[in-house]
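Novice: Taken from TrEMBL, the feature motif ''HIGH' region' applies to 13-23. The Zn(2+) binding site annotation in TrEMBL covers Cys128, Cys131, Cys145, Cys148. Per TrEMBL, the feature motif ''KMSKS' region' maps to 298-302. Feature annotation from TrEMBL assigns compositional bias 'Basic and acidic residues' to 521-531. What TrEMBL lists as region 'Disordered' is 521-542. The domain 'TRNA-binding' annotation in TrEMBL covers 553-653.
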Amino acid sequence: MEKPKFYITTPIYYPSDKLHIGHTYCTVAADTIARYKRLRGYDVFFLTGTDEHGQKIERKAQEAGKTPQEYVDEIVASIKDLWKLMNISYDDFIRTTEERHKKVVQKIFTKLYEQGDIYKSEYEGWYCTPCESFWLDRQLVDGKCPDCGRPVERAREESYFFRLSKYQDALVKYIEEHPDFIVPQSRANEMINNFIKPGLEDVCVSRTTIKWGIPVPFDPKHVIYVWIDALSNYITALGYMSEDDSKFKKYWPADVHLVGKEIVRFHTIIWPAMLMALGLPLPKMVFGHGWLLLEGGKMSKSKGNVVDPVILAQKYGVDSLRYFLLREIPFGADGHFSEDALRTRHNSDLANDLGNLLSRTVAMIEKYFDEIIHLPEAKEDLDNELITLAKEVYEKVCRCLDELQFSNALIEIWKLIARANKYIDETMPWVLGRDKSKYPRLKTVLYNLAEVLRIVAILIEPFMPQTTPKILQQLGISKDENPDITAWESASQFGLIPEGTKVKRGDPIFPRIVEKEENAMEDTNKQEVKNPEGAVPADDKNEEQKEYITIDDFAKIELKVAKVLEAKKIEGADKLLKLIVDLGNEKRQIVAGIAKHYTPDELVGKKIVVVANLKPAKLRGVESQGMLLAASIGDELCLITPEKDIKEGARVK
Ligand code: MSP
């Protein structure tokens with residue numbers, strides 16, 4: 001049977017500067033849908049590309065001492081590298097400077113001219129002589145040129161116009177009859193009430209003052225201006241009006257044009273009118289997403305508030321960044337980007353919730369059953385809640401993804417992850433593991449956890465394509481060899497992992513990212529207090545690990561009472577303090593990350609507890625010869641001090 005078709009596009013980006021996290025946001029969203037549809041058996045065509053003409057690029061190139069073509073070639077190469085890094089699975093990348101595009105745009109322009117939808121007239125506006133630019137009333141800033149701020153003169157320019165006004169009624173009718181054409185619905189109302197109904201004016205579609213563009217074929221002193229050139233990419237890439245238009249026949253009309261909210265207007269007014277004029281069907285949906293904002297509003301190079309996705313992807317991992325972008329902000333709405341929020345999501349949702357669920361499950365299967373997953377033998381009512389949730393999540397995720405509700409889809413998946421972590425706390429497998437007669441029950445518990453992880457691995461694939469194989473590999477499941485239990489639809493069923501599957505412990509899939517000085521104490525912890533199992537990231541939730549510490553292990557840690565003699569801030573590290581402590585028979589220097597909780601004055605004279613036999617380490621270049629003990633929860637922290645006065649040097653046991 002022929003596969004159903006699905007055509008999705010991103011906007012084509014201006015290669016006037018390197019792309020930022022805002023552009024990455026839109027492309028990652030489109031990629032997630034493309035991957036999801038492929039997994040659901042669609043024949044997907046996913047298009048992205050670059051919109052390379054226009055005055056801005058002409059100027060930028062000039063400033064850089066390059067030809068416009070040289071200038072865009074370099075930036076386009078960096079954009080392609082970025083999409084490779086972000087695992088963007090596009091099927092085609094269209095550049096408006098390619099012959100295949102330019103030729104067809106000229107044909108489209110000629111056709112519209114010949115049938116009377118484009119006509120020549122005059123365009124009246126303001127001219128800035130030094131900039132050689134034409135401006136409209138509304139583009140001026142305080143009556144002056146928006147680019148250079150100099151005075152402008154009234155002028156007329158010969159231009160071609162597209163007869164947009166002719167399509168006004170047809171557009172209103174189409175939008176009203178197709179409630180899914182403009183999504184979210186609020187944007188449809190805005191288009192009709194604010195733009196179309198007040199009256200559409202014909203739009204200027206050529207310029208004589210710009211050189212960097214596609215020439216009007218029958219009047220080459222004009223270049224085709226912006227929207228006819230840019231919007232046509234969605235059909236020129238498919239070979240419309242070319243010798244081979246098989247892709248056009250196969251994939252047009254587009255199922256989804258994904259665009260930022262500020263260009264919804266062009267995609268839902270000019271573009272459909274152009275298509276009507278060409279006698280072509282209209283796209284099924286234009287989805288207008290919100291903006292990623294930084295302090296000072298929308299990211300833009302001119303505001304100097306852009307965030308580089310390459311740096312973030314290198315630091316947190318590509319999948320972590322993809323997860324964050326789609327989880328943090330409901331798609332459609334604006335949202336704020338901050339690295340703190342990214343780090344929190346990474347550490348909490350990915351390292352803790354998902355990463356630990358995997359490492360704990362695999363470590364226990366390894367420990368209790370020599371790496372073998374066994375079928376359930378002793379079921380209990382308690383299992384049903386987990387299994388029911390696992391069976392429901394598939395439908396919910398599909399529904400959310402069909403509606404481009406990425407954030408909600410991820411929330412549903414994480415409800416299952418949270419439920420599985422709670423199931424570990426409830427079933428206490430480490431207690432079952434102490435008593436051989438409880439092994440049938442232990443097999444069931446570990447099987448259920450492995451199944452949840454299989455389902456989660458499948459469902460996160462459109463969002464985090466690199467993580468899925470990592471999880472499946474640790475579960476001992478190969479996608480190639482086990483298509484039945486790794487296919488998308490198999491996530492709707494519980495209980496598919498076969499008896500005897502052999503897990504394979506691996507590295508933590510999302511290592512925690514700790515800002516250097518922020519958690520000096522956590523860093524120090526990591527140096528010596530090794531997790532006895534080695535593989536499970538240190539996390540005080542890991543009850544099953546704690547029982548493995550023997551009294552001999554504990555005795556290796558030399559804890560002593562110490563008196564604080566001096567405390568000082570450390571320059572350039574606002575969370576650290578340098579203490580000199582007296583251990584009874586010697587003095588030590590200790591660096592501790594407690595500056596947010598204690599002032600140096602408060603500490604002097606206090607008796608505290610320190611790990612006296614910790615290997616010295618440098619924190620922010622300052623040697624620390626031990627570690628003090630403190631209790632912390634959330635943002636709170638307090639030092640551990642002896643309940644009664646006792647001489648420094650006393651051993652804590
Ligand atoms: N070239 C036109 C699009 C033509 S489509 C036929 C264009 N290019 S752009 O590079 O300026 O923007 C491309 C897309 O990136 C737009 O959809 C825009 O909304 C999106 N974004 C740019 N900055 C953004 C954020 N800060 N946040 C979210 N999306 C952002 O417009």
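Cβ coordinates are placed from backbone N, Cα and C, and glycine is handled just like the others.
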Novice: Using Cβ atoms only, which residues of the same chain lie under 8 Å from Cys131 (Zn(2+) binding site) while being at least 6 residues apart in sequence?
Specialist: Cys145, Asp147, Cys148, Arg150
Novice: Which residue, of the binding-site residues Cys128, Cys145, Cys148, has its CB surrounded by the fewest other CB atoms within 10 A?
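Specialist: Among the binding-site residues Cys128, Cys145, Cys148, the lowest count of other Cβ atoms within 10 Å belongs to Cys148.
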Novice: For the motif ''HIGH' region' (13-23), find every same-chain residue at least 6 residues outside the stretch whose CB is under 8 Å from a CB in it, and list them.
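Specialist: Residues 48-52, 54, 56-57, 60, 71-72, 75-76, 78-79, 82, 260, 291-292, 298-299, 301, 306-309, 312, 325, 337 contact the motif ''HIGH' region' (13-23) from elsewhere in the chain.
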Novice: Whose Cβ lies within 8 Å of the mean position of the Cβ atoms of Cys128, Cys131, Cys145, Cys148, the Zn(2+) site, other than those residues?
Specialist: Thr129, Pro130, Ser133, Trp135, Lys144, Pro146, Asp147, Gly149, Arg150, Val152
Novice: By DSSP, what is the split of the motif ''HIGH' region' (13-23) into helix, strand and coil residues?
Specialist: 3 helix, 1 strand, 7 coil
Novice: I want to verify one value. Collapsing DSSP to three states, which class is Cys128 (Zn(2+) binding site)?
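Specialist: In three-state terms, Cys128 (Zn(2+) binding site) counts as strand.
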Novice: Using DSSP, how many residues in the domain 'TRNA-binding' (553-653) fall into helix, strand and coil?
Specialist: 7 helix, 51 strand, 43 coil
